[in-house]
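Inspection log for the structure reproduced underneath, given as structure tokens.
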Ligand SMILES: NC(=O)c1ccc[n+]([C@@H]2O[C@H](COP(=O)([O-])OP(=O)(O)OC[C@H]3O[C@@H](n4cnc5c(N)ncnc54)[C@H](O)[C@@H]3O)[C@@H](O)[C@H]2O)c1
Ligand SMILES: O=C(O)C1=N[C@H](C(=O)O)CCC1
């Protein structure tokens, strides 16, 4: 595949390495306002966006308007997600957004949903989420922590929302810690007077995120519509 990288920071570089190992070619690297680049859809099969929250929506929708499908992992811009989907559909192209492309985290998401379902009737337990990331991270809490919180809210009718730090009784407190070079650690804790249940995912590097994004791009190429990592994993496990 001929890939355009939207964002060439830590993730852009990790994706380049894995994409080239899998036989793909990086044909464009967008590092500033996307209007300064030539987005010729005859030279680009797919764009992979790991940029910054304030640029993501424009990056993604500019590609859609050129008929270029997009895999996006940028976090912190999701207020505009529904609008981005609309632009994708209007231009008859394809889109996958995931707060976390790591295959391990997507297994962790499944586990989180199952655990939330089991815990919903156990009123003695409170639930909280902690995420730890490197100090350069621009957004808090992480997109992954928000996905974990939304999954719990969907399963448990006693939980009505989430808050960074100080939460009401019916909300999930989400704690965001910033520690030097940590690639990403997420913990969901259920606590009672009697005991504590914790599930933890610890990324050891950015390789998992990058591999997942390239696998998602391979899945999305030549498709039309809006997809999620659930579709990618279902396809992967079927083959
Ligand atoms: N979904 C996932 O699996 C996953 C995994 C890791 C990181 N992320 C997210 O991906 C994003 C990037 O992470 P990172 O660690 O590579 O950050 P980074 O800061 O290392 O890289 C971001 C890059 O975007 C560039 N940039 C600035 N303005 C731009 C613009 N207008 N267009 C394109 N690029 C522009 C910056 O120069 C920088 O090089 C963050 O939002 C992060 O939360 C998601
Ligand atoms: O390094 C980051 O930034 C990460 N961002 C994603 C998030 O916000 O959840 C995924 C983990 C790494």
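Glycine is no exception: its Cβ is also placed from the backbone N, Cα and C atoms.
Copied over from TrEMBL:
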- 1-101: domain 'Dihydrodipicolinate reductase N-terminal' (DOMAIN)
- 40, 73, 74, 75, 98, 99, 100, 101: NAD(+) binding site (BINDING)
- 104-233: domain 'Dihydrodipicolinate reductase C-terminal' (DOMAIN)
- 133: active site, proton donor/acceptor (ACT_SITE)
- 134, 143, 144: (S)-2,3,4,5-tetrahydrodipicolinate binding site (BINDING)
- 137: active site, proton donor (ACT_SITE)
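Where TrEMBL records a feature, it is marked here on the structure.
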residue: 40; record: NAD(+) binding site; Cβ neighbours (10 Å): 12
residue: 73; record: NAD(+) binding site; Cβ neighbours (10 Å): 25
residue: 75; record: NAD(+) binding site; Cβ neighbours (10 Å): 25
residue: 99; record: NAD(+) binding site; Cβ neighbours (10 Å): 20
residue: 101; record: NAD(+) binding site; Cβ neighbours (10 Å): 28
residue: 133; record: active site, proton donor/acceptor; Cβ neighbours (10 Å): 23
residue: 134; record: (S)-2,3,4,5-tetrahydrodipicolinate binding site; Cβ neighbours (10 Å): 14
residue: 137; record: active site, proton donor; Cβ neighbours (10 Å): 17
residue: 143; record: (S)-2,3,4,5-tetrahydrodipicolinate binding site; Cβ neighbours (10 Å): 20
residue: 144; record: (S)-2,3,4,5-tetrahydrodipicolinate binding site; Cβ neighbours (10 Å): 25
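Same-chain residues with CB within 8 A of the center of the 134, 143, 144 CB atoms, the (S)-2,3,4,5-tetrahydrodipicolinate site residues themselves not counted, are 75, 99, 100, 131, 133, 137, 139, 142, 145, 184. Residue 98 (NAD(+) binding site) falls outside any helix or strand according to DSSP and counts as coil. DSSP assigns residue 144 ((S)-2,3,4,5-tetrahydrodipicolinate binding site) to a helix. Nearest to residue 74 (NAD(+) binding site) in space, judged by Cα atoms and limited to the recorded positions 133, 134, 137, 143, 144, is 143. Rounded to a whole value, the Cα-Cα separation of residue 143 ((S)-2,3,4,5-tetrahydrodipicolinate binding site) and residue 99 (NAD(+) binding site) is 5 Å. Residue 144 ((S)-2,3,4,5-tetrahydrodipicolinate binding site) and residue 133 (active site, proton donor/acceptor) are 11 Å apart (CA-CA, integer value). The Cβ of residue 74 (NAD(+) binding site) has 25 other Cβ atoms within 10 Å, all protein chains considered. Here residue 98 (NAD(+) binding site) is positioned 19 angstrom away from residue 134 ((S)-2,3,4,5-tetrahydrodipicolinate binding site), judged by their C-alpha atoms. A Cβ distance below 6 Å to any atom of ligand 1 is met, among the binding-site residues 73, 74, 101, 134, by 73, 74, 101. The CA atom of residue 75 (NAD(+) binding site) is located 10 Å away from the CA atom of residue 137 (active site, proton donor).
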